[in-house]
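What follows is a set of notes on a single structure, which appears directly below.
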Amino acid sequence: MQAENTHSRQKRQRLWYQRDGFLWGLVVALIAAAWGLLPPAGTSLGIGGWLGMGLYMLLAAVPMIVTTMDKRRPQLAGTAAALGFLGLLGLVFYRYSGAQWDMLGMMFFNRELIVETWPILLGGLENTLLIFICSAVLSVTIAPIIAIIRTLNNPIFNCAIDAFVDVFRSLPILVLVIFIYYALPFLEIHSTPFAAGVCGLFLSALAFMIEYFRAGIESVSRGHVEAARSLGLGVIQTMRFVILPLAIRVVLPPLTGHLVGLLKATAFVSVVGMPELLKRAMEIVEWKANPTPLVTITIMYLILLLPLMYGSTLLERRLARWTTPHRA
């Protein structure tokens, strides 16, 4: 508390030219001035042109360097500064590359094609999210139960669980989906493309998540368990109120990374004819002979995945704050 008061008092005592708003405004003004010093497009770069470009690059890198070195700023600020730096470099490339931007825009960013095919891509996105949600919910729900059984050290259960984990962690998701859809009908087990995709993704994700939860449960020290037992908590209560809340800190980072990979792996379901996002985009590419839909779904995947990754980072920090013991 005293450190926070000192920091706030120092912040109030800053002069007007030492405040963040003025400094960032000055950096933006200097970048704009350096942009004005750059020679026009299509002209050869002399000594002055190269000096102006070097000054522009140096000033463009200042926000990224400052936000990266200042550990008090949130990670999102550093990411935004890095993206801004890449955007400023992109402006230089756009100005001096001499590329045929009109032709590039027509081939990869055709607005008319995006508007025309948008409902088709939304239908594919709906199927993609449905496959992901079903496989993710099933695996995240069942994995901790099997992991708890695995920690009971029953030889029969351990042998069966280890065999399942080893087999399905070794099989590629693409091979698993194809096998379920095309091979199981010979055993009179028929499935739809949706069911085959969900089953393949679920089995693969479950094998990995069992190991994540097992490692998290085993990371909890024996002292926590004995303390819970001394307070009169039963086995189920100890697992629910002590072990799992502490284990989730270890489980969350690899679990989130695997969920991100699981969402991207939904594209494998297209090989069995499931009209998910990639399948729809490829159909439009073949129909219109234009790769714009592939660029569109790339942006859609980014919109889906970036909030998931940043949300998981915030959740990890909150869990660390909740589960870290406070000192008196």
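Just so it is clear, glycine is given a Cβ too, placed from its N, Cα and C backbone atoms.
Annotation comment: TrEMBL describes 125-310 as domain 'ABC transmembrane type-1'. Summarising the annotation, TrEMBL assigns transmembrane segment to 21-38, 50-69, 76-96, 129-149, 161-184, 190-210, 231-252, 290-310.
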Open item on the list: Considering only Cβ pairs within less than 8 angstroms, which of the stretches 76-96, 161-184, 190-210, 290-310 has the most against the transmembrane segment (129-149)?
Closed with: 190-210
Task: Distant-in-sequence neighbours of the transmembrane segment (190-210), which means Cβ under 8 A and at least six residues beyond its ends - done: 127, 130-132, 134-136, 138-140, 142-143, 146-147, 150, 161, 164-165, 167-169, 171, 173, 176-177, 179-181, 184, 254-255, 258, 262, 265-266, 268-269, 272-274, 276
TODO: For the transmembrane segment (76-96), could you work out the same-chain residues 6 or more beyond its ends whose Cβ comes under 8 Å from its Cβ atoms?
DONE: 31, 35, 38, 41, 45, 53, 56-57, 60-61, 63-64, 66-68, 310
